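What Swiss-Prot says about this one:
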type	residues	note
ACT_SITE	467	active site, proton donor
ACT_SITE	543	active site, nucleophile
BINDING	100, 199, 467, 543, 544, 545, 546, 610, 1025	substrate binding site
BINDING	199, 607, 610	Na(+) binding site
BINDING	422, 424, 467	Mg(2+) 1 binding site
BINDING	603	Mg(2+) 2 binding site
SITE	363	site 'Transition state stabilizer'
SITE	397	site 'Transition state stabilizer'
């Protein structure tokens, strides 16, 4: 008997954790039901599939009870078109909500709010009589959030929840030739929402593909493919377990079941490698006999080509179901990779080799389409990861779109497949995992994931979920996986990352050398962890290096440890992409939004933006740091006479057959000697390369650097030709300096001019009155204020060059890492920004303590002392000595003394606002991208030139940005600065960055703001909620000195 809509809704299935589905078919790998072997082998589109993607009719209600009963049979008058797949919140209905830990609904499991946003979808489609003449028709929803009911032609079909796994239903009894109508009622909240508390945008709707699939009456029901390699990896067995759907009344009739045959053909491109055919049936399982609806086929393969992320060689297995006349009923096909995953002697090994995981966590996210991801976006992520030396990705924190795994198989990425389970907002987190009434809901999310995805070679580890504590359910599901798929290890971080439910120590945000002894679940340093008594598992960080905004400091320390300790086998960076959504302001202009921008409450503001790439996949500077730290070639300088380097390949399987070594000896950013040669390295091998017999003799003084890089001359499936995969730089010892005759002649030529300059001492003039001190040289005049003691103006030809005077700067626009977990409603006194606020660093009162002028024989010297205090407490003392010489240069020596009561400042430097705006910035120092004292592994010393706008890093949440470290020369327009300093140059002041909430709200200011730092604190990045700048990168001394030389070229 068909139930009415009110009767169905009255059961409130979405508030019953023991009801996760009605009439949903069992999980299995993706099916295509090809009707010819060639199409299956070549992976052609299957005529048995019909997409239902496109425009659907959509009506929105605030709660399911408000849906009119007749909607299941016909569209409502107010219905409007809505694309599928899509999140309805991005099409004007309801609002996306971003939260990290806290649930977006009151925590009362399994209850959810009565006001439960509901989307009513419907679509008509047409089926020919031939489609319905025989067989069965299924409908497959690849992803619907969070729960839904399905009707076909007015009749209720079923119910499902779990947003991230397919829901498949048999539509055969409800279909008719011609026009058909399906209706889907989607609930935003369900008891399943309590298991989906991931750190992400909470959105709803049919956000993955929908399609019809036609299967024969007798058809393949499940296929499980495993590869087993010999100890020497010289041969392999391909094991295929296949089950067939046969009517139950025929299962015990051997004449019926035995008439069906299963055939497996293994192809390598167009070459048939092996084939095996046998009838249905297994060996006797117990005293009642065998299975009659399934069989096991084993093919032996000699000298198989192995699959790895480095060499993702794929075979193609075609599984055919044949009738008693040997005619094909249907075929399914899967890519097969021969590879072995094992933990042996404390090491995770791929094909017998200990692997170093160069991993990243990735949410399915697109700034325009939210959680609806297309193939182009999937492929873009994979190519970028491969190009930046990633070899692994964790599906955080749910099973991904089915196409993701196929692409990872083909392009070569190791995958941690993770169940769609997180209960982070529960107290305790294990509240539900220890509750038997929730066992079914937990278990289906794990078992169905395994059943869908287990044929993919890219998946090397199963994960039981994320941040859900540790309960009896986890132990049970761990054992289920180990029984049903003994070919892969299982990891689970909950409960301390080292419970019996994990084969791998997989902590998150454990530090290299620092213990975090939390009472319940201590996080030891990763070096200490692997040395604990009776602990022999490998350690792979499931999350580390929190890349939130201007972050990622100290990342290189992890990689030093990974390479030093074999059982530290890498980790997964948090995370890949800034989870910002495109929003529009009142004028219709787009901008990248974060939590709260949609009026969503509760929200966790900008905590959704932790990516190595911006939402449009353009790189953060931290991406280059990851690329360099993770590069597969390591370099060492053995000698300089002759010039010899050693290169080690960290590839486990591939030869360096597409690599060219390029080297250059650089003098102050200019090449003086260079060369290239092919790189011929076997896996895991080292080789010495003799680059030159000796260092070149120089005809001018300067510092020599040796730059080496490895490029790939030919394009690959994942990279263009000349892709740079690795690089390094060394500072070389100073060679002999032998001035050339040209230089000698040049000196002689300019000697009269130099002599003339010596005679122009009267051009350096000094004027003083009660308000100002002026130093004049030719067309330039430096004007000091006696009141402030500061350089108030720099005149050139009576034109003012400064919009704001030159002064000390000790603060920066707070980084996310500086802010930590401090916000309006919660203050973390340990956060750097709170320590600086409490100390008064943002409200310093400056006083000029003294001002002295000396007119020397060849220069004018002005000495000034400044005191900085807060609430009458002296905090900083700054002593500046300005020297003006007869060449129009201003040299400043700065000495800063810091009170012992003051927390370490963010910077010791100076700033001013220049009147000039020049299109280009040139410098000799570290570059070309933004770098900071604890994030400069990827930067190289050289001569760089960039447009002014590219000197600003457009972090969505504005903060300190754009620094370039270890600079010796800066040229900006007619300005030249020399010394040993860091600098940042921008159209935005520190003050504007501090008070502006979004990048798009920044307004270019008049002129240019120039920040010159003698010293700058690191940015940190082990995590973003506790102080994570390493002690070596904190300004802890009591005194600091630096010197800058300024010149304006008139």
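Here, residue 1 is simply the first one shown, and the rest follow in order.
Using the three backbone atoms N, Cα and C, a Cβ is placed for every residue, glycine included.
Feature map: Swiss-Prot annotations on the structure.
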residue : record                             : Cβ within 10 Å
100     : substrate binding site             : 17
199     : Na(+) binding site                 : 23
363     : site 'Transition state stabilizer' : 22
397     : site 'Transition state stabilizer' : 25
422     : Mg(2+) 1 binding site              : 25
424     : Mg(2+) 1 binding site              : 19
546     : substrate binding site             : 24
603     : Mg(2+) 2 binding site              : 22
610     : Na(+) binding site                 : 26
1025    : substrate binding site             : 18
Across the record's substrate-binding residues 100, 199, 467, 543, 544, 545, 546, 610, 1025, the largest CA-CA distance in angstrom?
18
Within 10 angstroms of residue 100 (substrate binding site), Cα basis - recorded positions out of 397, 424, 467:
424
Could you measure between residue 543 (active site, nucleophile) and residue 397 (site 'Transition state stabilizer') for me? Cα positions, answer in whole angstrom.
11
At a 10 A cut-off on CB-CB distances, which of the binding-site residues 544, 607 has the highest count?
544
Fewest Cβ neighbours within 10 Å, where candidates are the active-site residues 467, 543:
467
Tell me which of the binding-site residues 199, 422, 424, 607, 610 ends up closest to residue 544 (substrate binding site) in space, Cα to Cα.
610
For the recorded Mg(2+) 1 site formed by 422, 424, 467, which further same-chain residues have Cβ atoms within 8 Å of the site's Cβ center?
101, 197, 198, 199, 397, 423, 425, 429, 465, 466, 468
Anything within 10 Å of the residue listed as 'active site, proton donor'? Look among the recorded positions 363, 546, 607, 1025, comparing CA atoms, and list what you find.
none
Identify all same-chain residues not among 199, 607, 610 whose C-beta atom falls within 8 angstroms of the centroid of the Na(+) site's C-beta atoms; report them in sequence order.
100, 548, 574, 575, 579, 604, 608, 609
Look up residue 199 (Na(+) binding site) in the DSSP assignment and report helix, strand or coil.
coil
On the three-state reduction of DSSP, what should I expect for residue 607 (Na(+) binding site)?
helix
From the Cα of residue 199 (Na(+) binding site) across to the Cα of the residue listed as 'Mg(2+) 2 binding site', what is the distance in angstrom?
11
Nearest of the recorded positions to residue 1025 (substrate binding site) by CA-CA distance, picking from 397, 422, 610?
610
